[in-house]
Each structure stands twice: as structure tokens, then as C-alpha cells.
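The structure under discussion appears below in the form of C-alpha cells.
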Amino acid sequence: MGKNNTGFSWLLKMAWRDGKASYGKLLLFVFSITLGVAAVVSVHSFSRLLKENIASQSKALLGADYVIESNKPVNDRVMGIMDSLGGADAREINFSSMAAFPGHDGTKLVEVRGVDDGFPFYGELETKPVSAADDFGTGKALVDATTMLQFNLKVGDSIKLGAVTLPIGGALENVPGSTSVFGAIAPPVLIPFRYIEATGLVQTGSRIDYKYYFQSDEGQDLTLLNETLEPVLDAEDADLDTHLSEARRLGRRYENFGKFLNLVGFIALLLGCVGIASGMGIYVQMKVKSIAVLKCLGATKRQSYLIFFVQIACMGIIGGLLGTTLAYFLQQLFPLLLGDLLPVEVGITLSFQSIVLGISLGLAMSILFALYPLMRTLYVSPLQTLRVVQEPQSRSKWATTAVGLGIVLFVFCFSLWLLGDLMRSLFFVLGLLVVFLVLTGIARLFMGMLKKFFPHSWSFIPRQSLRNLFRPQNQTLVLVLSIGIGTFLISTLYFTKDMLLEKAAIEDRANSANMILMDIQSQQVEAVSHTIEASGIPVIDKIPIVTMRVATLNGKPVEAIRKDTTSQVSRWILNHEFRVTYRDSLIQSEQITEGEWIGKVDSDTNVPISVSNSFAEMAKVTVGDPVVFNVQGRLMNTIVKSVREVDWNRLQPNFSVVFPAGVLEKAPQFGVMTTRTKDDLGSAQLQQQLVAQFPNVSILDLKRILNLLEDILGKIGWVINFMAFFSIFVGVAVLMGAIYSSKHQRVKQSALLRTLGAQGRQILQMIAIEYAILGFLGAFMGVVLAVLASSLLAYMLFDTAFAPSWIPFAIILPAITLLVFALGVGNSIEVIRNSPLSVLKKEKE
Amino acid sequence: MSKILKVQNLSKTYRSGEHDLNVLNNVSFEVSRGETFAIVGPSGSGKTTLLGLCAGLDTTDAGEIWLCDRNLFDLDEDGRARLRNENVGFVFQDFQLLPTLTALENVIVPLELRGIRNASEQGRELLVKVGLEDRSGHYPSQLSGGEQQRVALARAFANKPSILFADEPTGNLDDETGTKIENLLFELNKEQGTALVIVTHDLDLAQKTDKSIRLRSGKIEETVG
């Protein structure tokens, strides 16, 4: 007896023959894979393209090959280094300041950038009119285009910056070195470098950046230059950034967001695969007789298994290809959704890498998730052709475990590839497992409880509906899973966004400041205070600020720590110029976690200070450790007496280091004041008055920042919601697949019921109740899990109390229930259209 | 005449809930090559179980079955499948055509399983023999019961089997169509020298065979011929 001689081509042929007759069901599986793959590939490809575009446009983003910058005037040593590099090709001094527009009402916080003519060397100043960029050196200012529109400014109008008034040469649409997010708070104004001094705005306490731009020689190794000069410049409180490091930094900022979106897309794909697993289960059930016949005719177990394996593999490949194509079109939407949050224009292309990713993902996921239901084909007895045979209850435990482990391992590896972080990947997989297990547990518990406490006294229709929820091959588990996960995602994202906005809004609602005045010189404090109070507005806080640097930590000088390669102390601590305040009490945004708060002292020896926990962590100090500060030339010995936890998210001045009252009062200082204006008009009037009298004072309108934050979160939320809705789309596809797959069974059941006298209306009622329960259970569990997850996030990440918004309960929950109900009933109408005789006859045939 | 099927002391027990059900008890018989053989008996007498065991669709509890000189006990499931593919044909009461395959595709499955290249050509010839050449592209759901059974017959004879097992081949058909199928079955048996083992309630059909056994409660009650 020889082997049977079929090859792969026969398997393909059989898979095709069988598939073309079942294409409706298979198409729904393909649809699920397509949507899932599209979600992952679109985000992944877009992130990659964004990174590539940032890298290719890095010079234009910086405007030069490299820049040396410092937040204080550079010393002779740094000058010497720059001279050895051939001298800077362009200089820039920039700071935030209030701008007024003579002849127009209103003032605005702007980022003043005084730059040498010739900058940028790469990219360009995009202005309107275009000639304004060329005329820049003649002594005109270029003002951010949105600000021009906002104040109805025209070319030829004036802008007043401190003591200088310059004609406006044109509207600035894009300039290297200005980010759109910061630009929305303080839009850029470019003025020729030579006017900076004359503004009179470079004063004590002003936060000023000094930049020196360089063009490199051809072939110059910028990485090597960076490695060589970085430690030297570091010691002089200066920094070197090349266009390459700038691109990396910018890339990283968007990478995290991309990674998060990738996970959202991946969940959509997983959801699709759960649908495939469930759909395949029903599909294989329907094929049992055919498999038995094939075995009867001489097909081996392997052959009958492989026919369906080939089918699912082909579906995976087709789904992967279609998903990649859909991803290409979806990517075109991202720039529209994200708008000016993107640092560069992204050209969308369909890359070979995306195609490979899409196909491999479609193939791997569909095969992995179909393996378990496909195993059933191995256990189908050929005896099924003669009579109904009970299949063995349990499949091979080894194979089942291997498939389960394979799925978890693949999901973990893919997450690791997406996130590049072992712990985060582990948490992601664990979190996912918990959500899957909870939803599975709830679905099973629900079915068990229903069986145990079945309401036998109810009337026939609701009883029959409830029975459908736990009958063999029911859809309860798969629908609760898919609806639950989709709802969970959308609700969690909603709660998180809400939490961020709510947290900011609390500050706005309470009787706290909505305007912060910065850079007030000590001699101006009384006058500024008087101006505010004269407008009938209270001064809420007067915060004195003294700048200082760390000189020694635990007795070790900063220089020695820098040279110590084993030191864990952060460079930021060693280089940063700290803005320190002094006061006698704690404020709302802080609380002591270690040590004891000391609010007032009489002597300046071993001053008891309080540091934030992030300072303590980065400086590697704790309560009792000595720290010496260099307070503008004078060394001051302090002891860390307490460590505070500071809520930096609050829109109010917070400090890493706080001195007690009684020590710094006589040190050179400047001030910050906070106030609360009644309305927009009052705010505008006060700003105008202050700018006119105190041009060096910068004003932060918190309401504007809140609006901006809302706008940014809104845009990001759009993209996240867009991806989360993919999960719902996939859920809908899974739902339709489940409904379609079980239609045969429903048609038969309905025909039998109608033969026994049930009316079409009654059958529809049964179906309607069943789907309403399934929709509600899935969506409700999704929202409940989202509340739990958001509470965890609130506790662990945002450190705030979480009060769930009513919107997911009042809108998302009923909307999803209604969607499931409508899809279920809509797809089942055909069930009652068939005449009972035709169904039963067909069944007999 | 050499024996194509030898059944010796065959017993089979199924578990039904808490109880064991003795379906076949010490059954022995032989079928020669080219011979026609009927298994008759009332419902529940064990006819279909016996047919399934003889064809290697299930395993025995006791006794031996030699099919085409191979002891089925020595073969695993895949081995029995290969033996069926090379030597056995089937006709079922409810036709058992693959619903997703056309009439022609159904007929050529056994040939394709053997790796035969011109399977479609042979399949068409078989459909001509059963008078369905114009229905080759139709799916089972588009054929009448009689037509489906003719396709099943064509499939059963496709691999020129040494033995054909038929389970109530006319049970689902009206008298006229049933008679046509019976005639076709015997014609093909004569033409190809295939042994026929038929399970039937129909005593008229049983009388047309060379030999028959009557089962009652899992035991052979009577042997004819």
C-alpha cells in the first residue's frame, strides 16, 4: 500500500474550491484581519515616515549643522572653543517678552528671537510676502503669521518690544528652531540681532538663551565633534547640539506617541483575531460532515487539516495585503488630524517594509488564532458519514498549551518590537491578559448564573432569548470580548483625556490665579502690585525668586562630581541655574514626604532647605545631606531638611528648592506675581497697562494656556479616538462574522419554531432581546473595566482623585448597545423571511 | 475465488450514558472478489456499525477484519484512510457529497487524492456513465436527490475500487429513482468486477445479491447464499 500522492497544489485547489463556496463567511474573516492590520501598519508606517522625514529635514529644522547654546552669556573659554571652530556663522539671543502693537489694542507674550542676518543656512524663513525674508536684515521685524491675523496687523505696522519699536516687514509662517506647540503660547518674532540690546529686556532674572550657529566643513564628523566638545562645554554651562542629535531628540518625542498608538492598533488586530478564532470554531463545526467524507474517501488527518489551514493562511495574506493598502490611505488622514503638531511635512509612500509587515502580521496572527479551532479537524471521525458520533471531549493538552503559549509569546514579542522596552511590553501583555480574562470570566459567569438561576416562570420569548445565550455554539463569549474590549479602549481614552483636562480646569475654577506675571525686577514689585490692585484685581501671590547654582553636594564639589565617571548625579543638577524661592509655609501643590518642614530661620549658616523628590533623586541627596549653593557669587551652606512631592502638573509656579524665610531676603532677586482677572476684557486691559508701564514683565494668561492644552489634547484625542474606533469597527466585523456564521443554525431553529406555530415577530423579538443583552453586557463591562483602569492611572500616574465622567455611561454605553442590537436584528431579518418548508427540505437534502 | 473481506468473531460495544451497549456480538462472514453481499436487519440491529467497521471507519473491540488482505487492526487511522482511497468505494443513504464542490469536483476527489493527473477527464467519463455529463458544474444543492446519488455512485467507482460499501443507497429516493440507482450499481459492479456490500432494509434489493446475512441484536440470525 503506497502513500497517497497529493501535493501542495491539491491542498490549494481544495482550499480554493471549498473557500469559493463559503466566500461570504471567509470575507468577514478577511475584513477583520484587514482592519486590524490597517490599524497597526498605518500607525507604524506613519511613525517611521515621520522619523525619516525629521532625519532628512534635520538641518532645515535646526537651520544649521550645529549650535552651541547657553542660558547665560558665554565665557572666554567657550568663546575660545568657538573661535577654534572658525567662529560662529550666526548668533541668536532669544527670550520671552510681552509685545505691543502701536495703533492696535492688545498685547501678547512672544518669543523674541534676535538673529544675525544670513540665518538660517538650511531651510528658509517662510514669510508673506516672500521678499520680507530678504529684507529682514534692513531692520524690520518678522511677526508670527497667526499673531498678525489675530491683531489685524499689516506689513508696515509697528511692533514694540521693550524700548524698541520696529516696523513689521512681513508675516512669519515658518522659521527653523521654533516649535508649533511652544509657538502657540509665545509665537516667534524675529528681529535683527543688533536691536536686542536696545530693547532693554536683557535683565536680571530674564530667561535668555544665547545661541551660536555653525555650518560644518564638508566631511566633518559631527558625532565625533559632539563627543569631544560636550564635556568641555558642559563644564562651562554650555551645550552643543548637532542637527543629528536634534533630529533624534525630536524623533523620540513623537516616537512615544507613535508607540502608544501602535498598541491601540495592535489591540484592534488582536480583537479581529479573537473574532477569527471564534468564527473558525463555528466554521469548522459546519465542515465536520465534509471532513468526515474526505476522510472516508481516503484523505489523511493531515490533509483534511491542511485544507483549512491553507484557507486561513490565504485569508491572512489577503487580509494583510488589503490592510496594508487601507493603511496607505489612512496615513493620508494623520497629517490632517494632527495638523501643526507635526514638526515636518510627511510625504506618504507605500514602502516594501510596510507590505512585508502587513502580510506577515496578517498571516501570523490569523494562523496563530485559528490553530486551536482547526485542531478539531484532526478529531473528526469518518464514521460521522454514517451516524452522529460524539467527538473526544478534550483535545491534546500539549497542543492546546503550545498554541496558547505561542499566542502569548507572539503578542509579547510583537509588543516588545513596537515598544522596545521589556517591562512595558510585559505590563502591556499582562494588562491585556487581565482584561481578556476578566471579560472571559464575566461572560462564563453570566452563562453559568443564567443556567443555574434560569427564570423558568418567564414567558416563552424571553426564556428562549436567554437560552440562546448559553446554548451550544453561542456567541456570548466572543461578543462580550469584542464589544467589551472596544468599549474599554474608547472609554479609558475618554476618561484619561477628561482627567487631564479636568485637572487643569480645577485650577481655573477655584479661587486661584489665572494670570502669572514673571520677570518682575525687585524695584518694580511695589509698582506692579499697585497697578494690579488699582484695576480692582487682587494680587494673590508675590513670589520672590533668587537664581543660584549647586556648588557642592555632600561635600563634593560639582567639578569633582563631573569628573567622577561612577557618579549617578544628574548633569542637569550640576549645570542648571535654579530659580529658588523662600517662604514660611507649604503651598497646595506640595506635601512633605520625608523630614520636617522649617519655614523660618534667623541665621544663614546651614540653612534648612526643602527639595522636591525629583531633585533629591537626581542629586542623590536625602534628609540631612549638606548642599552648598552658589548664590550669584556667594557660597551658602544648606542642609536638606525635608523632601517634598510636588504636583508639577498644576498651572502655578512650583519650585525644586525652597528656602525658609529669613535668609535670602537681601539677595539679588526678581519676582513672580499671580492674580485673577474677572474676564477676558479685564485681562486684556491689565495686560496693556502692564506692558506700557513695565515692558520687561512677561505675562502668562493661564486661560489661554488651558485653551491651548485643550486644543492639543483635542487633536491628539482625535487620533487616539480614531484608532480606538478601529477596535469598534473590528468588533462590528467580528459581530457580523459571528451572526453570519451562526445564521444557518438560526434559520433552522427559526424554521422549526415557525413550524410549531411561532410568528416572525416573535422570532425577531427573541433575537432582539438576545442582542440587546449581549450588547449591554459587553459595553457595560467595557466601561466598568475602563473606570477601574482609569482609577489605577489616576492613582499611579496622575496622582489625583478620579471621578468618572458620566459621558461613557450615558452615551458610549447606550450607543454601543444600540449598535449591537441594530446589527444583530438587521442581519437576522433574513432568518424569518425563509419559509419553514424550504428550510427543512434543504436541511433534509 | 479469493476473499476481499474477511470478518472473524467481530464484537463492538458502545458506551451509552452509564451503560455499555453491545452492538455486535461475535459476527463472522466473508465476501469474495466481485461478489455482491447484503446486510439486512431491523433498525438498531447493528448493520451500519458493521459496515463502518468493515470499511475501517471505526475500530473493533474484539475480532479481526481483513480488507484487501490487510488486517485493519494493524493500521492506524491514516493507514486505513489510504487503504480506503486505493481499494474502497462508498455510497451513503444521504449521499454525502461535499456541498462546496461541484458534481465533477466531488467525483474526482478520490482520484486527486491518489495524485492522478487527468482526474477531470476521468471524472467527466464517469459522469457520462451515470448520465450527468450536463450537470458537472452544478453544486449538490442544485441537484435532485437521484442526481446526487448518481454523482455519489460516479465518485464511488472513480478509483476503480475492489470493494464498494453502500449504506441504504436507495433509502432516500422514490421507488423509480431507487430502481434506476440499483441498476446502475449492479451494472458498474459487473463492469468493474467490484465487490458490493450493501446495507439495506429493502428485501427486494437484498434478494438481487449473491449472498446476504440478517442481523438481529448484533448477531447473525440468518445467512443466505
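Yeah, the Cβs are placed from backbone N, Cα and C, and that goes for glycine too.
No curator has checked TrEMBL annotations; they are predicted automatically.
From a predicted model like this one, the values you see are computed outputs, not experimental measurements.
Per TrEMBL, the feature domain 'MacB-like periplasmic core' maps to A:27-230. As annotated by TrEMBL, transmembrane segment applies to A:260-284, A:305-330, A:350-375, A:396-419, A:425-447, A:476-495, A:716-740, A:771-794, A:806-825. Here TrEMBL flags A:263-381, A:721-835 as domain 'ABC3 transporter permease C-terminal'.
Mean per-residue pLDDT, taken over the domain 'ABC3 transporter permease C-terminal' (A:263-381), amounts to 85. Residue counts for the domain 'ABC3 transporter permease C-terminal' (A:721-835) under DSSP, helix first, then strand, then coil, are 100 helix, 0 strand, 15 coil. Taken residue by residue, the domain 'ABC3 transporter permease C-terminal' (A:263-381) breaks down under DSSP into 101 helix, 0 strand, 18 coil. Only sequence-distant pairs (6 or more apart) were considered; of these, at least three Cβ pairs between the transmembrane segment (A:350-375) and the transmembrane segment (A:260-284) are under 8 A, so the stretches are in contact. Note on the transmembrane segment (A:476-495): residues 264, 267, 270-271, 274-275, 277-278, 435-436, 439-440, 442-444, 446-447, 469-470, 717, 720-721, 724-725, 727-728, 730-731, 734-735, 738, 774-775, 777-779, 781-783, 785-787, 789-790, 793, 802, 804-805, 807-808, 812-813, 816, 820 of its chain, located 6 or more positions outside it, place their CB under 8 angstroms from a CB of the stretch.
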